[in-house]
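Beneath this line is the structure, given in structure tokens, with notes to follow.
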Amino acid sequence: MSTGTGMPGTPEGTTVLGASDVARALTRIAHEIVERAKGAQDVVLLGIPTRGVTLAVRLAERLAAIDPAFDPARDVGELDVTMYRDDLRRQPTRAVGVTRLPEAGIEGKTVVLVDDVLYSGRTIRAALDAIGDLGRPRAVRLAALVDRGHRELPIRPDFVGKNLPTATSESVRVRLAEVDGEDAVVISGRAADAPGAAERGEATR
Amino acid sequence: MKHLLSTADLSKDDALLLLDTSAQMAATQSREIKKLPTLRGRTVVNLFYEDSTRTRISFETAAKRLSADVINFSAKGSSVSKGESLKDTALTLHAMGADAVVVRHWASGAPAQLAHAGWLDAAVLNAGDGTHMHPTQALLDAFTIRRHLVGLRGGGADRDGVGSDLAGLKVAIVGDVLHSRVARANVRLLHTLGAQVTLVSPPTLLPVGVEAWPCRTSYDLDATLADWQPDAVMMLRVQRERMSGGSGAFFPSPLEYTRYFGLDGRRLALLPEHAIVLHPGPMNRGLEISAEAADSDRAVIVEQVANGVAVRMAALYLLLAHTEAAHTEGTSL
């Protein structure tokens, strides 16, 4: 991670979404989910660890506020995709995470996968394979807080918090209060953030 | 970790990673579709120089549940019975492109030789060597103990006790320690995980140098059960096939052994309420364990077999999922 100039209050990089932006985006996504599914009674949220799970929990509160048929304690789960990844051989061993499904399973439900950043689409491909082994939902939808482009597979999100055009050299991090102590979406690794190149006030692209 | 050869080499962090990964693997085994695509295209060779049913089947099941291809190679009826050396067998396996070799050998140290001699570059998993080590058995014992005495008893949300060690637990290992790789593997692992171990055995079945092991010893089973109040009792099989000259060479008669060192209903009643009974199998019913003890609801012997698959899946996953190059390459997704 390069050190560079950032907006005040962030350790590094440029903050593109603040806490209130994240909150508004999640509220909008929640409404879109209910609208698309015509209610929330058969909706199941599956978060992809780590931050997808946190986002799923937050979305669940909002869904319950919109449609009381949705129970945040009952209809939220987490889906670890580690053992379905296609890049296991190219990375140091990853610890296997927890997969926890709602009591009633996902059979015949509308599953909404929740992830923080949508990038190559490979994580979602792995998640689709994992879901296929767990049951047969009526439909699978995808919600992501940030879509940064550069898809390598024919996968598109149904619900997006923010479309963020990026270069592959940049890195996008979603920071959430439960995990990182604050809510923000931060881009780093831009030209102006490169070590040595950065002076305060030097423009980012 | 490149190989899994001995529990003495495992750090506490390694051991906990193996146990925690086992818990996730166990969770996948209660699903309708138990197979995971994780090791697709990898080849696991089961190289067994000694008879074994449950360990081989357990490793085979674990590898297949992770979608690896499994080749079974047993010494009987193979080139080994024609006199092929371990080295030549290893070179053959290398030529065939084995990614992992699970080896059971009658000679202590054969897996270490296989791992370090440079004959093949596959990961080597020790499935029991002579009277030396049986790491996956010790891991599944520790996993079972942790699940029952830390997870379920703790009453928390986490039934498998993920992340916890075995600090403060007392485990008695009873029986033929001299010939037992299971005892050696368990003493090291349980010590690493913070449990206290007492070996209970007739003097003739304790090895020379046992004083140096990180455990206590006793010749008196009744006193150990009543006074020390172990949380878990692990009964070892009396390994008659390793006792030259029949069982008479180490104890006067099987009946005497049963009287002094067999676990029966009376001894079971001496144990604390929560205590569990383990046995690595296969059991000699009526010798080291009575049918009453083996079939009591304290016995977790059948569950040990199920946990064995999860532990071996974890070991295969942690040793095989990445390649060596991955540590230096570092690609990002």
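Glycine too: its Cβ is placed from the backbone N, Cα and C atoms.
Annotation source TrEMBL lists carbamoyl phosphate binding site at B:Arg54, B:Thr55, B:Arg104, B:His134, B:Gln137, B:Gly281, B:Pro282. For B:Arg104 (carbamoyl phosphate binding site), the Cβ neighbour count at a 10 Å cut-off comes to 25, with all displayed protein chains included.
If you look up TrEMBL, you'll see B:Lys82, B:Arg181, B:Arg237 marked as L-aspartate binding site. Cβ environment of B:Arg181 (L-aspartate binding site): B:Ser108, B:Gly128, B:Asp129, B:Gly130, B:Thr131, B:His132, B:Met133, B:His134, B:Gln137 lie under 8 Å away, each six or more residues apart in the same chain.
As a whole-number mean, the pLDDT of the domain 'Aspartate/ornithine carbamoyltransferase carbamoyl-P binding' (B:2-146) in this prediction is 93. Per TrEMBL, the feature domain 'Aspartate/ornithine carbamoyltransferase carbamoyl-P binding' maps to B:2-146.
Under the heading domain 'Aspartate/ornithine carbamoyltransferase Asp/Orn-binding', TrEMBL lists B:168-319.
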Neighbours of B:Arg237 (L-aspartate binding site) among the binding-site residues B:Arg54, B:Thr55, B:Arg104, B:Gly281, B:Pro282 (Cα to Cα, within 10 Å): B:Gly281, B:Pro282
Rounded Cα-Cα span from B:Thr55 (carbamoyl phosphate binding site) to B:Lys82 (L-aspartate binding site), Å: 25
DSSP-derived helix, strand and coil totals, residue by residue, for the domain 'Aspartate/ornithine carbamoyltransferase carbamoyl-P binding' (B:2-146): 65 helix, 27 strand, 53 coil
Secondary structure at B:Pro282 (carbamoyl phosphate binding site), reduced by DSSP to three states: coil
Cβ-based isolation winner (fewest other Cβ atoms within 10 Å) among the binding-site residues B:Arg54, B:Lys82, B:His134, B:Arg237: B:Lys82
Proximal but sequence-remote residues of the same chain as B:Pro282 (carbamoyl phosphate binding site) (Cβ under 8 Å, at least 6 apart): B:Thr53, B:Arg54, B:Arg237
Site of maximum Cβ density within 10 Å, from binding-site residues B:Thr55, B:Gln137: B:Gln137
